[in-house]
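**Student:** Attaching a single structure in structure tokens format; questions to follow.
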Amino acid sequence: MWRYISKHAYSRKFRNSHDSALLGFSQYSSSFGKTRPLQCLCEESTTHPNLGLSQNSIFSRISRKVRHLEGICEESSKNPHLGLSQNSTFSSVKGDFRICGKRGSGSLGRLRSYGSAAEAIVSTSEEDIDEIQELIEEMDKENEALKANLQPKQPKTIGGMGVGKYNFLRRRQIKVETEAWEEAAKEYQELLMDMCEQKLAPNLPYMKSLFLGWFEPLRDAIAAEQKLCDEGKNRGAYAPFFDQLPAEMMAVITMHKLMGLLMTGGGTGSARVVQAASYIGEAIEHEARIHRFLEKTKKSNALSGDLEETPGDMMKERERLRKKVKILMKKQKLRQVRKIVKQQDDEKPWGQDNLVKVGCRLIQILMETAYIQPPNDQLDDGPPDIRPAFVHTLKTVETMKGSRRYGVIQCDPLVRKGLDKTARHMVIPYMPMLVPPQSWLGYDKGGYLFLPSYIMRTHGAKQQREAVKRVPKKQLEPVFQALDTLGNTKWRVNRKVLGIVDRIWASGGRLADLVDREDVPLPEAPDTEDEAEIRKWKWKVKGVKKENCERHSQRCDIELKLAVARKMKDEDGFYYPHNLDFRGRAYPMHPYLNHLGSDLCRGILEFAEGRPLGTSGLRWLKIHLANVYGGGVDKLSYEGRVAFSENHLEDIFDSAERPLEGKRWWLGAEDPFQCLATCINIAEALRSPSPETAISYMPIHQDGSCNGLQHYAALGRDKLGAAAVNLVAGDKPADVYSGIAARVLDIMKRDAAKDPANDPNVMRARLLINQVDRKLVKQTVMTSVYGVTYIGARDQIKKRLKERGVIEDDNELFAAACYAAKTTLTALGEMFEAARSIMSWLGDCAKIIAMENHPVRWTTPLGLPVVQPYRKLGRHLIKTSLQILTLQRETDKVMVKRQRTAFPPNFVHSLDGSHMMMTAIACKESGLSFAGVHDSYWTHACDVDQMNKILREKFVELYDAPILENLLESFQQSFPDLQFPPLPERGDFDLREVLESPYFFN
């Protein structure tokens, strides 16, 4: 044992001669490893103070201990009864420490053997040996620290950028999050001062001038209301919350939030009072919290003038106060406790009732102060037509259960007309971030620096929120890691594509799926008293108005996206913090311009960090072009897609160099703006001297083949289903939509051959035979896996048939859609029998649980707890200054039917979310940039092959686990008294075939 201790103490970690050289250790050979004796190092430290070894260092302490042992050794030579021989370990230690007494002599001497240590060491010296062992272990640690200090220091970077640049951008980000409303208010006040000084209105766009005209009277009225609240003359329930922000900020928030709601309200120019009041109230509360924190920070940082604190500091302060309160309570100092609690009262959430009361009062003040009149060129010779910009009305809506009335805020037609030009003047919250988001550490810890950020969008579902809060942090680490990976992907605006979008939009839209910027003219009233003609005219007017509402809504949406793109186009890069829906699917927190959006968004966005294409990257660019061009080309083999792109090189160059002046080939694509971006990228690469070394910023997509059915096929080990959705290798991708369309056509052909006298569907089958194609059934197939009902399928197919205009009679159109929907669902059941049985089993389990008045709960493979939020809603009346509002609140009763029907799709969504997050983590570990859109995974062209390998491996890893068995076991543990049906039978499909399937994601 002692031989081991002695040898271990002297050889441990000193064998790494290369590492030791950093500390001045020389190399020589010995049976104990390679080390320059310790005493030399101690002496050397006195001549080289930079080594940082003080008199009290480990080396000095070991040296002193050895000297102590020397004394024992010398004593033993005089007194042989101690039993310490000349060859003992102590002698060896002594020799080892004296070896380099004369530095530079070159003579290292001879180390003594430890062979007799076991016999030589007496038990009374064990403590000394142990102490040396401990000291040497401490010295090892000091070595490591010292070695790290002596390493050449790498330049520090944060988020891939220098510290100076990061700090500059971080300050800008803090300003964006905390001062947006303040800056907007300041801008209005400066414009008002300019008007007063110059005695004329500034040359502003129409909507900006409207905002400016409303701002001053609204601000003054809010200030007057705040004064009444301060003086105690206002006894409204909202009074305690009404003075927590400056009046000018409340005015700007009220105007912008209401206008934002009107812009996204479906083009009707109206918003429900309860929604508007909640929206405005929440914004006021959030801003009040930030304002309060900043005011405290300004006081504490008055000398430095810096703003470096974040909500993390708030959490630390709260923790400090919590501990202080506990100590005071133990000491029975209740008066001091009450004082602290009173100071912290304003930190409490306001509650839904108070939010809507504050929001209603602000809307009411806006209605009382905001007026509008037509522009000068529209005025007649009469008196000016000044009228309220907003009015409060009641709207009646017919439902299946009867009619309901609710309050709405309706804007004047002149305001509505200008709404789609408003986005550029709006304060848009939750903009993309200039620095990487804060890492997720908990339910409300992560994401934006100051703006309220929650890891899950629970929409008021208390049980789901509590489930996430209760789960151990370690269990959620993979989820945190995946969200951080998605949030740390750096993006930028593709300025070339944005320039083309701006040109098309400025010239009226109508190209590349951009909506027409003009409304459809209303049909003129017929000059007749024929009631049938008048009815037809009214029907047409209704249709045109609906079309114009849809156009208006689309215009507002495009304006919001472009407003963000224009604000971000000059940035080197930006980031999208992500969070989850309750099923565990990840979404960017910014709502407008993000990669989950339309073709317009995806065409405008690209990675901020480029990578050389390489040979495989150029090939994947060509495949990607075929994918976004679509029209069936995306269903060819990879070789066929590459050939398509190579056959269209002339069109690609023309599109890239003269997108609007040339042949406009790119406009024929299904995703035109993504096609244009790809054309530009390919043209740049092929025009460069070395295409393989050209830098590409384009995200290349790999999409699942009807991904929901892929998950069901894996769950059920279903061979037939697996082959239909590319879990099995093939020469070209299997197209499940074409497969279902072929089955539907077979059924209809059989029906068409029957006698129409006996079956009314015969004529419908004959009518529809020429209409059956993959496009007719695609949406129904896609959504069937997520629980589409017969009614949903009927409406989807009816919409497709109506677009084709083959059946003009509405009644016949409806009947044909009914027949086609039934036929499509029959074909689906035949092809995906295993999926249907699993869906039924999931639904049955959910029903059993819900019948006991419990929501369905499960834990995803990544450890995320999920609680289905479907509960019956109770109504709660609340009196506000504007009207009596009905607020909806969850009751204790679950919705049995909804719990049952929603469980299969929600469960599969939680699995596809897990697969995406597992892939994201693995890609990050492999050094790949990664972005994910549910079942579409993106990376640089040069890295697609590696990402493809990873995503297949992660899919197999996911389904190697007994997912359904684990689910059933969790149900049985949670509800031991309930009887659940046995698991459905599964097939013998070998999951590892996925690893060899080139078109699994393609």
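Even glycines carry a Cβ here, placed using N, Cα and C.
Straight from Swiss-Prot, here's the annotation block:
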TRANSIT   1-21  transit peptide
ACT_SITE  Asp703  active site
ACT_SITE  Lys778  active site
ACT_SITE  Asp935  active site
**Student:** So of Asp703, Asp935, which of the active-site residues has the fewest other Cβ atoms within 10 Å around its own Cβ?
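**Tutor:** Least crowded of the active-site residues Asp703, Asp935, by Cβ count within 10 Å, is Asp703.
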**Student:** Which residues, sitting 6 or more apart from Lys778 (active site) on the same chain, put a CB under 8 Å from its CB?
**Tutor:** Tyr737
**Student:** What kind of secondary structure is Asp703 (active site) part of, going by DSSP in three states?
**Tutor:** strand
**Student:** Quick check for the class: what is the C-alpha distance, in angstrom and rounded, between Asp703 (active site) and Asp935 (active site)?
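**Tutor:** Computed Cα spacing between Asp703 (active site) and Asp935 (active site) is 6 Å.
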**Student:** DSSP three-state call for Asp935 (active site): helix, strand or coil?
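**Tutor:** Going by the DSSP assignment, Asp935 (active site) belongs to neither helix nor strand, so it counts as coil.
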